[in-house]
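Novice: Have a look at the structure that comes next, please.
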Amino acid sequence: MPISLLWAVDVHGRVYSLSTAGQQWERCHDAQMEFKRVTAARQCCWGIACDNKIYLNVHASDLPVRYQEEAYENQRWNPVDGFSERLLPSDRWQWSDVTGLQHQPLDSFQLPSSSWEWEGDWYADENFEGEPTEKGGWTYAIDFPATYTKDKKWNSCVRRRRWLRYRRYKAMDTWVKIPSQQTSLPDPFSDISCGGWEITEEPRGRLSLWAVSLQGKMWFREGICHHNPEGSLWEEIPLPGEVVQISCGPGDLVWAVLWEGQLIVREGIGRDCPKGTSWTVVDSPTPDVGAIHVAVGVNVVWAVTKDNKLWFRRGVNSHNPCGSGWLSMVGEMIMINVGLNDQVWGISWEDRAVYFRQGVTSSELSGKTWKVISVPRDGDRSQSRASTSSLQSAGYYFRGEVCGQSVVSDVETDTEKGSADGVTCYVTSDSPECFADAPTDQPSNLPSDTPKPHIPKVTSDSFISELFSDREPAKTTREAGSAAPSVLEEETVPGEGEVKAPCARLALSPSQSEGPLDPQWSNVDLEEVQVQQAQSGALLESADTCSLSSVATYTLALDDQYGADEHPIWAWVSGGGCSVDSHSHLNWFTSSLNTSSLVQSFQSMSLSVTPAQTTAWRRQIFEQLSERTKKEMDNFRHYEQAIEKTVWVKKGTMQWWRDWKPHKWIDVHFALEQFSGPDGNKDGIIFVYYNFYDEKKYLHAFINEITILVPVLNDSKHTFAIYTPERTKQRWPIRLAAATELEMHDWLALLSVSCCDSRGIQGPPSKQAIWSITCKGDIFVSEPSPRLEAMPYPTPCDQMFWRQVGGHLRMVECNSSGIVWGIGYDHTAWVYTGGYGGGFFQGLASSTDNIYTQTDVKNVYIYENQRWNPVTGYTNRGLPTDRYMWSDASGLHECTKTNTKPPSPQWTWVSDWVVDYGVSGETDREGWQYAADFPASFHGYKTLKDFVRRRRWARKCKLTTTGPWQEIPPIPLCDVTILPCADQSSVDVVPLWAISNKGDVLCRLGVTALTPAGSSWLHVGTDQPFKSISIGGASQVWAIAKDGSAFYRGSVSLQSPAGDCWYHIPSPAKQKLKQVSVGRTSVYTIDENGNLWYRQGMTPSYPQGSSWEHISNNVRKVSVGPLDQVWIIADRVQGTHSLSCGTVCHRLGVQPMEPKGASWDYGIGGGWDHITIRGNAMDPPHIRLPSLTNLSASAPRSPLLVRNTEVNGNAVEC
């Protein structure tokens, strides 16, 4: 999970955040005033300050918030002046928007607020639909409006060009007031809630912000998205009554609490109507006691009634936002908040601590139990460090009792803080031995009727009564003692295992720099605070506290309202941006700052064992053990081995997909026979016993001939495939199915270890390894032999051995320095940690360290198809020859909402079916695409000739596994590339470029072999979104834009890692490129039709090259290595039974004088989706032959020109 933040506000209005990877509350020191409450999302946090105004804090990111302003300059041709600014009266404005209807001169563009700044000046865009225009950026047409072209023709009477300018949001990690664009401001705000980011992914970063005013009115903030985080204006929402509190979930759930205690639910919220349409009233959980607080998530609703009881709403979902009934839950809370993944936080009514609901899963949304978040705050930790350092200093300079009135500990109350500034206290003790033995019973002079410490009550319906500022500055010691008595808010009871310390007296002395103090604002009711002070004043003389050191010095600063041992009083919590789930490992529940740890650290300082002595002691033990082993073994070396050969057999029952027609699953017996010789070498054989017409037969395969073991993508059986070189050529593996998933994983782990043992492969992959990924997301590596690229007889691809590495990725990139990055299906970036194993590999098959939990989320798509008829319009009744009305993308397989399952048993659903509006070709408001017939080219608008339509439905599923991968938060990526360093390279910092899932180009800083994750991102500006990038020799950076055009980045070097500018490279004629890969001197690209292109004419003086040359077709992915090796993933490769989709292929004959190569060698497949050769920098051995042979004879297989459309027969199922 990515690192995210939990936000909270204490009763003094200070804002804190707690990281999911942290162990302390970090105070938001940027806040210049006190806050009442906050509401958080992933990318920002909103808050209401004590002035009742709304503030925004956008989290800093390596990816800036940029917005592109554009304006069009229009001109018309006339016989006298040519093209000029003189337009006809009926023409559009000279400076306009893209439609020409709105007047937009360049000087009319203003910054929305002071939080923005311009990046540069206006400039003309010289790119048009992926092609460069003439200098000046003009495009031509016959008239306004019309279809524009970049070429000027004889009938071009009008022209226009686009001017661009970017503005950047600069107020990152700081609280800024939301500007108002209204003459009449809304009422002062009392509550706020943000959400709605899961309603639609477009526009990017869209949020719904709801606010409630003091008069009970409701407001909605319009226009909040990534490029406009502040929004544009407030719109009032009609209400059935006065509202006191509101909650908005990540999806389409919005609930609010009325003043009378009833609840209302907003209905009609959708992609095109984020504000909803109407309200529905829901009764309070109990008729007599109304609700005061409500919190909603994706599929949950929690409520708090006026008696602080907690309630859970059953049956809530997008189709039934009102739910079906209330369930009473354990616990008493003053407020509650639901975050991502429906996780729940609350503030307890009893102790005002923040609690987390454990056990919340998709199957048990109500959770299991509450657990208090017990971590210190940053101020507490610094105070404890000061006390620890004083253990040494104070103890050497003070002996005996220090004269004073009393002694204070490091635990102090709010009232102490308000009474003195810079108070210094001295703690004394007769001997350090009293740490463990002195009693801590209550002093006898303490009155028996001591009042219970009183905590100010903070309720949700009247959250803050008044801010109080009546604290008078401390003038004398006597006044400080009387006006602000010192007393512990709660009696400290040492827990089991804690060290009990003696009690001492309290002494307060005024600061040397005495002066008036600034009044401290607080969100606590004034009357209750006065009562608390009156109750605690009687205990001043008898209050005893505990000390941790014999003599210690503390400075009681006014900034820290609580001591290390006193929990803060929280008033509000927000987890809307906190991403945790049932698998998350949190360090929130065990505070590392306690009494025992400080005592242990004190005692550890007295140890006399130095590191040098420890090293010598360990070395002595190692030498003794080595000597003993040598004595015991040398006396028996002349004896013969008692056992020269061991045989081990494992048997089981499985099902086998038989090789002959009719193909079907049959029951078989499976056996692995493994043996080891006297030299320790291991080998084995697998047997598959089956019956053929009542005759027992078997097929076998030697372990050292197995090239790969592949889990097969199947939603009904637990299947895996076994490949050998011969079966790789046939594209027909041995397919076996186990009875259970656990049994399949056991066999895969056992067979994988046996194959690695027979080949002598142990430990993690080497730096030169070749990485690949199947369309299922499984990760495989192969150790290349030196002869893999040897000429003229390279190692055939079908003899390469591939082993699986734990984890789940969509793509992977590497280089010869051992740096490996991967990207998951959910666009999360991962870096390789150097381990091996994970997943179903356990024990010796997996490393014990560098293995982490990895999650991945992907979408499963189905299509709803309809045909038009004159009577009923579009319906689900099609022609007999039509595709299924619910199908996959091809229309050949029926896929309904009920029978569609996750890709494999490892995946679980995490959402419901929703209409997908992000389909290529756009959609209408309901998600439909139209066409003349099936199959055809679909578009997002209806015409008179469109008789069929379709729309895509999506549902998210999630996989949780383990592997040697660590997450790189927080920016999601769609592509990454690493400089393919040559063998034995001495480069320290390795250039790494990436593209975010929204098309931004990024350069990673600080990437080295020791720190492969790097340190931070550097944003590289572009005029349009990109989708593919690659860096090669001499730091050549090539990229592909989303419109299919190619770009070259100039002046990239170690001194200037981001380069200076982009050069537009024309694409092949009538083709749109989708992927690029750059080697030492070669550049290859793939277009959207699967054609592979090579860039000709590249020289050091002209690195952009001159033209594109077609190499092959039916190519899915390409990878060019540091030696200009070319490997691809090819489709439609001919096998024995059928065509194979997704096959690893190697380009043969690549030489300096022949960089395009000659032919293809086919390897493992099908079902592969990605490969990278960029780590293999081993120079092939030079072989001298008496006579050169014809390269074509050694590689009889032809390039990929197969155009047959037979059914795919691959094993992994693309």
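Just so you know, glycine gets a Cβ as well, placed from its N, Cα and C.
Per TrEMBL, the features are:
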type	residues	note
DOMAIN	64-125	domain 'Peroxin/Ferlin'
DOMAIN	137-170	domain 'Peroxin/Ferlin'
REGION	435-458	region 'Disordered'
REGION	471-496	region 'Disordered'
DOMAIN	648-758	domain 'PH'
DOMAIN	855-916	domain 'Peroxin/Ferlin'
DOMAIN	927-960	domain 'Peroxin/Ferlin'
Novice: Using a Cβ cut-off of under 8 Å, list the residues of the same chain at least 6 residues beyond the domain 'Peroxin/Ferlin' (927-960) that approach it.
Specialist: 583, 777, 808, 853-868, 874, 882-883, 891, 897, 900, 902-903, 906-917, 919, 921
Novice: For the domain 'PH' (648-758) and the domain 'Peroxin/Ferlin' (64-125), decide whether they are in contact, meaning at least 3 CB pairs lie under 8 A, counting pairs 6 or more apart in sequence.
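Specialist: Answer no, regions not in contact.
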Novice: Provide the three-state DSSP residue tally for the domain 'Peroxin/Ferlin' (927-960): helix first, then strand, then coil.
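Specialist: Counting residues per DSSP class in the domain 'Peroxin/Ferlin' (927-960), I get 0 helix, 17 strand, 17 coil.
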Novice: Just give the helix, strand and coil counts over the domain 'Peroxin/Ferlin' (137-170), going by DSSP.
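Specialist: Residue counts in helix, strand and coil order: 0 helix, 16 strand, 18 coil.
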Novice: When the pLDDT values for the domain 'Peroxin/Ferlin' (927-960) are averaged, what is the result?
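Specialist: Mean pLDDT for the domain 'Peroxin/Ferlin' (927-960): 91.
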Novice: List the helix, strand and coil residue totals of the domain 'Peroxin/Ferlin' (64-125) as derived from DSSP.
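Specialist: So the counts come to 3 helix, 24 strand, 35 coil.
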